[in-house]
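This report refers to the structure that appears directly beneath it.
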Amino acid sequence: MSKTLALTEELIALSSVTPEDKGCQSRLIELLSPLGFVCETIESDGVTNLWARKGTAQPLLVFAGHTDVVPTGPLDQWTSPPFVPTQRDGKLYGRGAADMKTSIAAMVVAAEEFVHAHPDHKGSIGFLITSDEEGPATDGTVIVCNALKARGEQLDYCVVGEPTSSDVLGDTIKNGRRGSMSGKLTVKGIQGHIAYPQLARNPIHQCAPALAELVAEKWDDGNEYYLPTSWQVSNMHGGAGASNVIPGNVVIDFNFRFCTASTVEGLQQRVHAILDKHGLEYDLKWSISGYPFLTPKGSLSDAMADAIKSETGVTTELSTTGGTSDGRFIAQICPQVVEFGPPNGSIHKIDEHIEVRFIDPLKNIYRHTMENLLL
């Protein structure tokens, strides 16, 4: 059994449902410390984070990831227990197999091989690992990034091990992500008997034209890296629970996935302008869970694309599609951030898995990336 496969199975067996780490990072420290990494555990509100660094020189290449996994869902629907790593039909099954314990194992083994082969490499290597990526993500990577920024540690490159590949290993690198901004809109009416609408004010009826306009609005055209900004309603709550009562208010939750062609302030102003145009009495609270980030084609993406081509023969594509990731925090302190990992077709699903044939090539790609940047 390859070392990467063995370590992947070790990590899957640790039932680290978010925000638990369940000893995953302790195992990583056991492996990294003998290589010369200075390992620091940073805890915050029940979340375990690891910052490990070998060397003090620039450039600093960081590998980032998360040890937490999403809940299993109904256990009786799994073909084999989710925290018992099981191989069958050329695949390794278990929660976290694709997202993202294989990536972490591959990164660590790649670093071990690289350090042993090139003890006098230039620059430094770092690991930023959290147990709070699948949850609120308020006490994980963002906490470590703030600590690194406060003490002036400069990151030059970062590879996040998210499962970015689509069909085969290496077909997609994420070089950015859209931002995410949510709004909670409360439209106020006047509650009353449904038979006497003239004595009430129905907020659902009132807000319908405004919602239709928001749905139809073209927020931007996107750009060469991003799809256009999208606006979607996620929840709508109104009514007193009776069929003969006009509600006093309606609450609408919505979300923007926005690209660099728009700004937070600009989107907010346009929403308020539409609501005001329709004469609504309303309250609107905003929350931003991430700003868009983008690493244009350059030394990091080129180094990884070359590593992928050398190992797999696949010509990779750069993409910014998908949801948010911890890359949004790292991009605030690191000029070049990309995400790369195994195929994502089974992530968060029952019977999550990775094809065994991809495991060692993934490790080799991470190692070749180190060689391209630090030799």
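Each residue, glycine too, has its Cβ placed from N, Cα and C.
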Query: Of the candidates His66, His121, His193, His205, which does Swiss-Prot annotate as part of the Zn(2+) 1 site that also includes Asp99, Glu162?
result: His66
- request: For the Zn(2+) 2 site, Swiss-Prot lists Asp99, His348; sort out which one of Glu134, Glu153, Glu311 goes with them.
  value: Glu134
Field: Asp99 (Zn(2+) 1 binding site) CB neighbourhood, other CB atoms within 10 A
entry: 27
Query: Counting Cβ atoms within 10 Å across all protein chains shown, which of the binding-site residues His66, His348 comes out on top?
result: His66
- request: Could you state the whole-number distance in Å separating the C-alpha atoms of Glu162 (Zn(2+) 1 binding site) and Glu134 (Zn(2+) 2 binding site)?
  value: 12
Task: State the count of C-beta atoms found within 10 angstroms of the C-beta of Asp68 (active site), not counting that atom itself.
output: 26
Query: Tell me, how many other CB atoms lie within 10 A of the CB of Glu134 (Zn(2+) 2 binding site), whichever protein chain they belong to?
result: 22
